[in-house]
Amino acid sequence: MLRTLLAACLSLSSTTLAAPTAAICDRDFLKAQAAAYVAAQAAGKVDTLKASSSVSYTQNFKTATLATGILSTPLKIDSNRSTYDTTQCATYTELISLQSGANHVIGTQMRFSDGELSKMEIIVTSTGDWLFNPTNTLKYASQESWTEIPEAKRDTRAVIQAAGDAYLDLFNDKKVKVPWGNPCARLEGGSYIQPSCNVGVPSGVKNINRRYVVDEVFGTVDVFFSFGGNDPDSHEFRVESGKLRYVHTMTVMKSRHHIAVASDTANRCRPFSIPRLNGLWFSNPIRARDHHPRPYHAHHEASLIEVVEVAVKDAIFRSHIGHQSEPWLNNCSIFAKASLPTSPTDSDPIRLPSPSVSVSPARSQPAFGVAGTANLTDIFYYSPLALLELSPSCCITRASARFLSDWRLSADQCIGHQLHLFLEKQIHPSTSISQVHAIIGTVDDAISARAERTSKPINTIHEAACRARVLPVFNDHQLLAITLEWHERPTALIESELVKPGLSTDEAFRILVQALKDYAIFLLDTTGHIATWNMGAELLKGYTRDEIIGKHFSVFYGKDDLEAGKPDMELAICLREGRVEDEGWRYKKDGTRFWANVIITAVYKDGLHVGFGKVTRDLTERKASESRLITAYEESEKLKSDFLANMSHEIRTPMHGMLSACSLLLDTDLTVRQRDIANIMDESGKVLLQVINDILDYSKLASGSFSVTSDIVGVASIIASVVRGVQTTLHPAVHFELFLAPNLPKSVQGDPLRFRQIVNNLVGNAAKFTEKGSIRVKASLQAEDVDSYTVLTEVTDTGIGIPENSTAHLFMPFTQFDVTTTKRYKGTGLGLSISKSLAELMGGRIGYRPNVERHGSVFWFTARFKKIKSLGQIQDWKNQLAKDGSLLPVPATETVDLQAELAKIASARTLLLVEDNVINQKVMLGILRSLGFKNVQLASNGAEAVTMVRAKPVGFDLVLMDINMPILDGHQASSRIRESGIKIPIVAMTAYALKGDRERCLEYGMNDYIPKPVDKKYLIRILAKWLMSKADGRRSMGPDQLPSPELGLALLDMNRALLDKNLNKVQDPSSVVEVASEEQKKQPGADSVSG
């Protein structure tokens, strides 16, 4: 015993150690498996699935094999949609096939283990199953939105599954609280219910053996279960914000309830479902005869015909007590399968096996068979009402004498026909086929709601307007029959009523709508097909009523709108929001277009969506007037701006000559009087030049031709430089203060010129309007996010201030507060207007408030700058400086340190140099060998590089890849290497050094970028970054992954420090005399510069 136990332990241990790591089950894996399943079903080839040797397969909850199930039959897939459960490693797929002769709606749950299909369950519904209609299923499902839910709005697995369970539990417990959504749509077979899913479910039904597939990304849960404990069923739920949005159901029911019926009228009836007769099934084809229903007991000997006749008529009569019996008992032959121990013929007597057997339907009803009671068939036939009875498949099974008389028909002309085919032959030739669709829609609505519905009238060929009252008959969840009760009136009466006095409100409104000529008003059905047409619509669009009724309203849209799916999009928005309004081009019958204002409203009746109301106005003339006005305005603005720009240019040219001459004159030997005159000319010329610059800037801003650039901005340096320049113009009694917040970013990305222009304008105004007191300039960080800084700059002065009644017009162009002939302050009134436009172009705002501490003003503005977060941004700036001959060098000491560290590992690393130019090959080989790299291999084009890397996937530590090469360029070669799954670091080495080239290289799978001509010091840094890492880049690194975070951060800090150092050399705020004010001393940590 001990030996056996020890052997078992050793066996278990070895098995555990040898077990492979479980395969990763993520969404990409599950998507691939679902796609493989759809392809396999389309081809009918099960061997394409990666299935376990012990895979479990069931079809409609019966055990089978992949080779014998529906998977082995090729199907035309008209629609498929899948969801993915990464927690259970499972998928659910809904397939719809409209293949001729093999229509199916299929639901499939697949489960995977160790990367293989371990369990597959398929529910296959087809003709005869509960409310099966694949055409409607495809139509309604395609109108729904099952897209991914934003991550912030996703529900948890528990919430999603609980919503589905609550719905299923409601069948057995009416006290269950279901999280109904509003709206909510239920697709049950081919029946579609909206905007509410809470329209009732059967009672006392237990839904057991539930299996779930939950997808939090799509917010869905699919549940396979046994409906009522027997029928294979799938319910899929879409949950949004904890509420049910969509419900899709498919139920296999013919396995227990189906009895095939063939009509005497050329077998035109489709299979019909009735309740199973408890414990009694029949084998022989027999014909039911007229027989009064009665209980049947086993002590009577009878032929099988009599047993069937009595049992079937009695069971169905009991299920219809108070309504009517099944119509096909007197018209159709019954075929059923036997479960009796023998198969007697019609003439053989049989004895029922139990001592006393009575046949009863699924629900208990009192026996009815009292002598002298009228036959229900006679009651139906001789009813004073015009009645039609339909099977669940909408096949006409019985008609009353009154109906045949009113419609001038014989029984053979209607019984056995499908309802829609029958009605198409009975409507008036001038009537649209959409009236028939409306009747069928009413029948569908009545079945879905399990309640009475009344249809719109149709005009028949015998000159009557007929309206149907639809009554569906259910036994619990099973549809037994549909009764249509027809009421008619002459069509002439409808027309004559329009001119009668004393009209009802509805009639008067109908006349008003019909008579309106300025508005096209019409109704659409739920799918967008036109159902009504008024006079205004006929005049506006050119279609007569007979031409347009039944057509889809998309006929009015242009090609671009149709390609964009605008008509369907408008209906979807209307369903979601109740109303949608749009303006755009619409087309008439003759092809001409008009500018239309369109309002579409969803129409509901008794809580059910029945269509859309559409109102269209022709606004072509108004649109043309607006266009002419806009064109005239734009033209006048352009002429004004062009004139200002031209005048500024024409004045600026001679002014430049004059100022240059003054400058030359001031450099010569002049007398005191001559120098005074020259200084006056020079100062006046500069003022005039500033006026011209303002006008030119304003003209650019007004014409929309002004734009900002992107460069490195030293915020503190610019502000300090402006302050230093304005200090020389201050009045002697004015004190200047500068406050720079300690958290103010030193270097950002933006437009330094325009930032300086705003600061200069505000500070210059403060200096101009302040004769005593102080001017304070304060810069601080107002906001910060992942990508940007928002910098707040405030200029506070103790000058003349702004009159309260003038603040509303402060930033309007050409605004001045002193317009008298004695005004002291000169200017154009454009400075603040230009500053406002520039601040808005830089993503900020500008404003004013009074100085509450002392008399004066506070002007402030914000500007949004991008953060400098990567070496690439600094490199772009360095490239820009390089064009001016000022590329910043890498400090020699840091380069020496990196080179020394790199030399220690160089001999153990193998590089691949991909370069087509022979001279460049020699140069690069020389550089690399000087750095200590002895193992360097060459490839002269991209194709050769791909071949070498694929041959030795782990043979290279890094690839230096040129871009412009023959056969395959560097981008294509990098993509193919990545497609092979090889993660070796690839560094682009190219003369393409413009903005965006580095990003383009990274998009193709490269890891880094070196511009040509190659800077040896920069090359050392790149090689160190990718080769001095503990991680093996050949196996684990992605294209954007930094091998050593510490090294990357150190390099980034080094460049930022270098950048700040060089910026400070250009504009050093410390050059302003630093005198700490008393107020600044109270704010420790802030930088203060006063003068």
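First residue shown is number 1, and so on along the chain.
Backbone N, Cα and C atoms are what each Cβ position is placed from, and that goes for glycine too.
Here is what TrEMBL says about this protein:
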DOMAIN    505-563  domain 'PAS'
DOMAIN    580-631  domain 'PAC'
DOMAIN    646-867  domain 'Histidine kinase'
DOMAIN    910-1027  domain 'Response regulatory'
MOD_RES   Asp962  4-aspartylphosphate
REGION    1069-1091  region 'Disordered'
SIGNAL    1-18  signal peptide
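For Asp962 (4-aspartylphosphate), the same-chain residues that are 6 or more apart in sequence and have a Cβ closer than 8 Å to its Cβ are Val914, Glu915, Asp916, Asn917, Asn920, Gly970, Met989, Thr990.
On the 0 to 100 pLDDT scale, the model's mean across the domain 'Response regulatory' (910-1027) is 85. Broken down with DSSP, the domain 'PAC' (580-631) shows 12 helix, 32 strand, 8 coil. Shown for the domain 'PAS' (505-563): DSSP residue counts in helix, strand and coil, namely 31 helix, 8 strand, 20 coil.
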